[in-house]
Amino acid sequence: MGRKTLLFLIVGVLGAYYFYTPLPDNIEEPWKLVLMATYMKAVTDLALFAELLGISHYMNTVNFLMTFQEVPPTSDENIIVMETTFNSVPVRTYVPKQKSETLRRGLFYIHGGGWCLGSAAWFDVDFLSRRRAERLDAVVISTNYRLAPKHHFPNQFEDVYNALKWFLRQDVLDKYGVDPERIGIFGDSAGGNLAAAVTQQLIDDPDVKIKLKTQSLIYPALQILDADLPSYRENSHFPILSKSFMVRFWSEYFTTDRSLENAMFFNQHVPVESSHLFKFVNWSVLLPEKFKKGHFYNSPTFGSSELAKKYPGFLDVRAAPLLADDSKLRKLPLTYVLTCQYDVLRDDGIMYVTRLQKAGVRVTHNHIEDGFHGAVSFQGFKIGYRLENQLMSWLSQNL
């Protein structure tokens with residue numbers, strides 16, 4: 001075999017690996033998603049290579065390769081952007097410049113990134129935060145929080161909760177001109193997880209007198225008791241978030257011990273003494289028929305009690321908000337949940353909608369048949385622009 005033939009063969013194989021991404025027919029602008037998937041493959045492969053060589057932890061490498069997305073806190077003609085701390089937690093604030101005769105809405109935002117990645121300084125987070133502040137005439141607080149693998153649960157939860165409690169102080173609201181009766185929380189992916197968790201925690205906190213009016217959860221991760229949901233089966237290799245990537249995010253949230261990741265991937269991590277929790281995440285009961293079609297419920301295969309004793313976080317309601325009982329759920333505020341058809345986390349959000357509705361909570365469920373994980377953040381995609389407009393319309397009417 002000649003050198004040219006070998007070279008063409010290598011290029012062809014690599015090209016097929018990185019650029020061949022089979023997609024459903026209803027995906028809008030598929031070439032953009034293919035390019036995004038190619039970029040993500042390159043980043044994650046490089047991170048995996050660095051980890052295999054012992055150079056750097058996988059998530060640290062991914063985070064480093066994405067730091068180029070960070071932008072400084074720059075004010076513009078409409079929005080004043082500043083960095084400060086709320087109870088020692090770094091946040092970015094977005095305040096409309098134009099004076100208002102009335103108190104403004106307040107929106108507390110939590111970025112995603114699998115509890116391992118992301119920052120309020122990332123371009124897309126900053127761009128959307130300033131746009132939301134302008135469109136809603138709202139004060140937007142975009143919070144950071146400590147990240148895995150350096151920090152594990154409950155550090156992320158505690159950072160977000162402490163920052164939120166600080167924002168909900170009357171003197172802080174007065175400083176920013178925020179109406180205490182018009183405050184909402186908003187998060188996507190892991191940020192949706194944290195938003196749901198802190199909203200639940202806030203309900204029974206006697207130290208917090210001001211409560212949230214709305215919660216907006218965008219393709220939230222809400223449990224890891226069952227990683228064999230129909231959405232995990234159907235979208236196990238779909239970009240941007242595969243099952244293996246999501247399971248790694250979950251395991252890193254609790255530990256760098258890869259044995260937990262392996263047990264989670266094969267759905268063998270919940271001990272028999274915690275079997276009662278499966279009633280909260282039983283998709284055969286909680287999913288509408290259209291999402292169960294063609295799937296059969298597999299009874300749990302129980303795992304070692306040792307893993308749960310070492311890393312009890314995955315059984316903690318602060319990490320898995322779907323585990324909350326109905327008595328807590330029924331106290332939750334007006335809720336917006338966005339789910340995407342082509343997303344491993346789809347069924348988490350849908351099951352939460354079912355449970356909230358049964359508990360009597362007013363819920364708006366926006367399911368996107370041509371949606372995929374991360375779509376709202378991709379404002380260069382038509383679907384991203386569309387979903388953002390839908391969310392802003394709901395907030396303008398309900399917050």
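Just so it is clear, glycine is given a Cβ too, placed from its N, Cα and C backbone atoms.
Unlike curated entries, TrEMBL annotations are predicted automatically.
Features as listed in TrEMBL:
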DOMAIN    107-263  domain 'Alpha/beta hydrolase fold-3'
ACT_SITE  S189  active site
DOMAIN    314-375  domain 'Alpha/beta hydrolase fold-3'
ACT_SITE  D343  active site
ACT_SITE  H373  active site
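Averaged over the domain 'Alpha/beta hydrolase fold-3' (314-375), the predicted model has a pLDDT of 98. Note: the CA-CA distance between S189 (active site) and H373 (active site) rounds to 8 Å. For H373 (active site), other Cβ atoms within 10 Å of its Cβ number 27. With every protein chain in view, the residue among the active-site residues S189, D343 whose Cβ has the most Cβ partners within 10 Å turns out to be S189.
Separating the Cα atoms of H373 (active site) and D343 (active site) is a whole-number distance of 5 Å.
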